[in-house]
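Participant: So TrEMBL lists the following for this protein:
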| type | residues | note |
| --- | --- | --- |
| TRANSMEM | 21-44 | transmembrane segment |
| DOMAIN | 22-238 | domain 'CWH43-like N-terminal' |
| TRANSMEM | 75-97 | transmembrane segment |
| TRANSMEM | 109-132 | transmembrane segment |
| TRANSMEM | 144-164 | transmembrane segment |
| TRANSMEM | 185-201 | transmembrane segment |
| TRANSMEM | 213-235 | transmembrane segment |
Amino acid sequence: MLQGPHVLGYDKPLIRLSFTSCVVGTVSLPLLGLITCIFISSVFHFQDSTDTHCKVTNYLPSISASISLSPECHIWRFCIGLHSAPRFLVAVAYFNFYKGRFSTRFLEWLLSCLNFMCAITENFGLLLLTYVSSNETYLVHKEGFVLFIASSVIHMVLTCRLWLVIKKYSLIPEDVKSFHWKIRCLILNIAFCCLAAYFYWKHNMYCEQGSYTFFALFEYCVVFSNMAFHLTAFWDFKSREMVVISPEEGKDF
């Protein structure tokens, strides 16, 4: 829970952690996991991870291929599973933050509810594509990927719209900085999505050598720009803390 007034009937905090540390740790888990999986696939499983139906030379494994092999899939599942709970917590924290800011603005309050739903479905989509690999059930993996991409883009667009209003009335420099970085990450993410989709189509349509490599490269960039967007929470909750507390002994509730 976020830091607040002492709750009656509860003992002293068991764990006290800055929210920024939680955000950095949450983003670092999938980042390090992805880099590790790509490295292992490129070094030890290069042929299997770059092979496609076109049978042309490729130089980079796609993310789906990287997280489908062993031990890469176990590393990725561990990192995503461990980071998923804090992701849900951050989504709730943002929803409460927007609810306090836009309690008298119906449109922004409605957008914050939709934004919260997209944050939840984005995390569910990531869990789905993680735990159902393309080698196991390709259709389910693909649906999880589409859900993740669609929800993440809508979530970023809605977040930027909400922070446009916050920036307009805020005198805090961190709010302005956060908004500008959110916009940059959104633009880059959409551009990378379009480029990845183009090279994926080009690879499947013409089987040109190098097209799949560029698809994989821009796929990495899509994920990295998404992570950078979520990292802007560093400024949004800079002064907040997460506190774990337990009920006092002998108290009945």
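In case you wondered, yes, glycine gets a Cβ from its N, Cα and C as well.
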Participant: So which residues does the transmembrane segment (213-235) touch in its own chain, when a touch means Cβ under 8 Å and the partner is 6 or more beyond its ends?
Facilitator: 19-20, 23-24, 26-27, 30-31, 34, 38, 58-63, 90, 94, 149, 152, 156, 159, 174-175, 177-178, 181-182, 185-186, 188-189, 192-193, 195-196, 199-200, 203
Participant: So what's the average pLDDT for the domain 'CWH43-like N-terminal' (22-238)?
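Facilitator: The predicted confidence over the domain 'CWH43-like N-terminal' (22-238), as a mean pLDDT, is 93.
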